[in-house]
Structure formats: structure tokens, C-alpha cells
């Protein structure tokens, strides 16, 4: 069940949202699928090539890329559903997995980006005091906790399966009967899944800026590490502002103002667009790996040099 879903009662009125979704979703999802699969698939390959020299940063990035790749694999099914005019043909179990995979990816991405930024900040500012926190072992444990927490928190989405009416099987649609529970889930998700991580990122950003503006630090060594930490945090914040903030804001507004007897086409279409923006974060994360990864560029060059030999 998703807030961009369309209640069945809409089909009885002159609402244009269904046509919009049929035209918009398939092409955008397939574009995200192509670039996301290419970028994250190759990134995973690079990370696995360097597993013997892994760092905590690489561990977080590998988990982030894995989360993105798993989600991206569901996008062709979503594209097919909307291309058929919101008619699901892949069975009840696959339907339940669709919404579940979307929100598991969204919030694991948010938490991996946040923890990655915090760990990089701590490793830069307090490298020896926080060594146990920034170790590879601690990174794997923390990633495991994030996976379990997000997957367990999203488990309620597995309750909602496909529904058949007039020989049309719907999936990913908003159910008026479960609207109140969905509204409560949204408020909790916004607070814990978005606002808390975003505030954490903002604090890290302000602190690292403050450190960089302090007494002069040599260009090599500490200052270079500070800049890499700042790059990580800035890319994470850009992802939050472009991908996650619009969706959470419009999703909440859409739910708060939702009326089952009204089309609400303009707001509904805007929410549809922001959902694809949230999904597109999977395409942007490879830029984080390239510009802020631990020796990612060097390892990338090593792979290409082997290919040319």
C-alpha cells in the first residue's frame, strides 16, 4: 500500500491521475532501473574486489549499494503494473513485496547515509578515541542492526496484498479502510525515518564546517580527511534535500488533506513525482562512492587497468 495509490472509487469520476501514472511511472522507473542497476551493480563489484582491505566506510557503502540494487530489481514489475493500467499479474506474494521493498530501501538508505556521515565525522575529529566505533567489525554489527530494525518496522506493509475487482487485480493502492493506521505510520516514519537522521546530518555538517574554519590545518593529512568527511556529509544532505524531503513533505500533506470523495489531482500528481524522486536516490549514491569512498577511484583504475592488459 502506497500513498500514491488510487482508491477504487476514483475510477467512477473524471479523475486524470490514473492516466498520468500510466504514462509517467513506467518510463521513469525503467530509466531508474537502467542507471541504478548499472551504477550500483558495478559499485558492488568494486567493493567486493577490495574486501580484504575493507574499511568501515566501505562496509556502509557496500550495504547501501546492496539495498539499492535489491530495490532496483523490483522496478520493472512496478513499471509493468502501471503500463497495464494498474493491473497486477505477478501474484499476491510479489504484490506484498513491492511496497515493502520500497520503504525498506528508502529508510535503510537514509540510515546508512546518516551513519556513514557520522562515522566519517567521528573518525576525522576523534580518530583514536572513537576507533572501536569506526572499526570494520562495528560497522558490520551496525549495518545488521539497521537492516533488522528497518525490515521489522516495515513488516506491517506485508499485510496488504492484491485485491481483485471487475477482473482487474490492483496492487500498491491506498485503502480507505486502513487510512487512519497509514496516517499514524506516516507520522512515525517521518519523525524517526527522516527528521531524526536529517537533524543528525545537519549537526555533523555544522560541526565539520566549524572545524574547517578554525586554526590552520596542513593541507595533507588532517585537513584532507576533514574535506573527505565534509564531502560525504554534503552529498548525503543533497540526497536528503532532493530525494527524501519533497516526498516526505508531500506524502504527509497528501495524507492529511486526503478526501475519498475528491480527486485531488494536482497534489496527487505532485506526490507521484516525488515518489520517483525518492526512488531515484539509488542512481545518485554511486556518485557518493566515487567522490567520497575509501580509495574507490584508485581501485576503479586498477580494475580498468586489468581489463586493458
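Just so it is clear, glycine is given a Cβ too, placed from its N, Cα and C backbone atoms.
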If Swiss-Prot is the reference, give me the range from 230-250, 251-271 marked as transmembrane segment.
230-250
Protein Cβ atoms within 10 Å of residue 95 (disulfide bond), excluding its own:
23
Candidates 57-77, 99-119, 139-159, 230-250, 272-292; stretch with most C-beta pairs under 8 Å toward the transmembrane segment (27-47):
57-77
Looking only at the topological domain 'Cytoplasmic' (48-56), what is the model's average confidence as pLDDT?
73
Could you give me three numbers for the topological domain 'Extracellular' (160-187), the DSSP helix, strand and coil residue counts?
12 helix, 6 strand, 10 coil
